[in-house]
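Remarks on the structure that follows.
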């Protein structure tokens, strides 16, 4: 592979030749591979358009290396060069070919005292092709760092060839090779031999072996949605020995529960502590049971946030030399795996004597009811009983135990035996049987015994999967003008507007204010587009003949991938496009050529990569990175979540005359969605699945939801159109978590129903946030939440709401097209698609949130009033003493305030929250709701309720709005009275105020400030004996000032 640095141009360079100009060239240094462009003589705004290529090893981690691009002035006739500026670009921002965009970088200086200005434009990408046409490198350093370069460089160039060292962050991700030898026939070799001989699948945690060097592809390391960064790649973990879990009592198929349909008023909605056996140790008597070559204890940290769950795995690979039928001369074999009352069977293969299945079966160790595993090979018969070929029997006490990172157990050939086991029969079957955990790579795609009732498409809907949100872009269409727009009715000038459509998104410009054949608009229309770009931008120019009739005058369809991508606010080149007459595209090619329409439209279209496309509520945002990968910052931490299970779930549907729940959990953070497997017919499911995300900003929220699976392949009519029911949701803000601390809690699953708030159960989670760099983590707190384009060129509030709604729809549609699909109702619930809808409950909650914030000021005012009225003489005397001290030493005021806040914060550390924040029913006003208010919150938009109910709610809303209107009017009145002090609306009041200001200015000038402050403070703190119960003179004067209320109708 090749790293290509395409040097486009430079602007506003500093002159260096003494004649007001310069002869610049560019030199690029990538890990001591140096290449340069040609020299452009006498030009401060040079254009090169040259490609420089460098060797790029995809197996190496370039995450913390840089590409150094330097601009020099070539001196003539005396050889030498002058430094014009440089740019250091992190290799973590490199993209593949086809994703590159033009980027403009500000040139930087090498020292503080040098003056540098100008910009350089580059395109940087990785090309899998052969070496492109470019200027060959002039310097290629040898592997030895002390080898001298072959090209002499002038001493005054300030050029350095210092190689880049590994940063601590890189060292924390790439493990060093341990010298300890392990007795598992897997001797640890050097880093190069390990990278050549060992291939780790990035999506499977079980393949990560320890110790060894883990070096992935650059994109695989950065892709949070594909590569799960393990905990032992971030920080050293203590050794956890493995021992066999002691045998316990067998659990039944269904736990008998009798949940209450509605919670009692005393029900606890708080987060509770949980004590799961995380990273449980068990004895490993060798990788292959007692007969293995590895003995002693093994160390694991891949699944250290979940409980270990043991399964009996049976891999049915293939069979050979099966006896054919005497009638057909062939056979239709299939395999049946039997363990106690559980049976699993493969598909039958027609006319195959050497069939291949490659199917894995998993039996939970807690539900094993037999000590013998039987594998039968049978022949499918259309009529009558199936023929019996033979069987293989395994004693479970002799089944080996295999725990990752052990290599997969190799399957073996077994001779079939007759039913009684007295002799061998013709035929062999290849099997692999072992005991493993949920960390096994075969766990995800295996057939589970507890899901034996699921068939058809439902088999795929119960498996755990990882989904990736589509990459979203903002498409900005600037409609500038059009030319030669001729209406159908030539006797009138058109009233023209432009309608633009991308998929289901339709926007239109305003009607041109002047009737003309060359209208101008200069309006921006913004859409949301998703990669891969499947839709087209369809533009139509329409003439408004009447208020209810529009005529199409021309149209054009443009593919989205042809538009330029920009990362900042630099202007984009505009283009003219020819329009086609409406209905003109259905004509034949020759006729279409004759009737070519002459109208044109002038557009400026680009894909905005500097914005973050909001597809979720800004209050619960989980990702703040811009669309363009080149603008991403390095991650500041790792988030690991262990989804343990749920408890006390309520029945969600009826099956066979009884209530049942088939629960699964969905977690969403950033662009990565995860879905656990579905546990069938269980009110206390155990998932024990662990997932990992890269964290780029700690001020984000992870959302987890629990749902009931209603797509299990039912044969009932209409079952395919059913929706997965929501059981509850949990939100956790990462900034509230302490770094390197494991939180194991049980979160209540609360759902608002028309009957009120309802507890549907509890979700048990284990969460750990790991900080990669404390300095980078603190650095993030001083930067804006969103990319800078949101502040330099912000969208309006209406645009943000509309674009967010469109982005949600696109994400829901794309994830619904996955296999198995993540359904629309699940995505909408996770993204809070209805968070902007009106709710009387939310209005009350927000009002009392404001009152809670003002309660501190109200309490402080009440306390100060008590001090002024000497309710507690001791407190009043102490306040007088403190006031006198601050008057005589005013320089102590600010230090005293800061020290007081420091001590209060230090004191509150003892009472800091121990649990992550969760949904508060009291804060949400979910416990004291009127039934009609709850029904209103569940009403559709537009309403579907009866007219009497709508009229009553409208009157109630008018009453609430009337009170808000009164409060707002009172605030406006007080502000207008301040304005009237100097407006001469009341001549006498204004005269008195300006005379008072004149006297006050003389007094304040003549008297020392301390005297004035002392007199004012003592007057405010005077004893009640010197007070009057009547309002003060300033209050009476202010309340007599006029306002504009008497001017309102």
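Quick reminder: no glycine exception, Cβ is built from N, Cα and C everywhere.
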Look up region 'Disordered' in TrEMBL and report which of 25-65, 66-106, 230-270 it refers to.
230-270
Of the ranges 962-991, 992-1021, which one does TrEMBL list as transmembrane segment?
992-1021
Given the model, what does the mean pLDDT over the domain 'C2' (293-414) come out as?
83
With a Cβ cut-off under 8 Å, give me the same-chain residues at least six positions beyond the ends of the transmembrane segment (877-909) that come close to it.
867, 1010, 1013-1014, 1017-1018, 1021
Long-range neighbours of the transmembrane segment (992-1021), counting only residues six or more past its ends (CB under 8 A):
867-868, 876, 879-880, 883-884, 887-888, 890, 981-982, 1037
Is it possible to list how many residues within the domain 'C2' (1-105) are helical, extended or coil according to DSSP?
3 helix, 54 strand, 48 coil
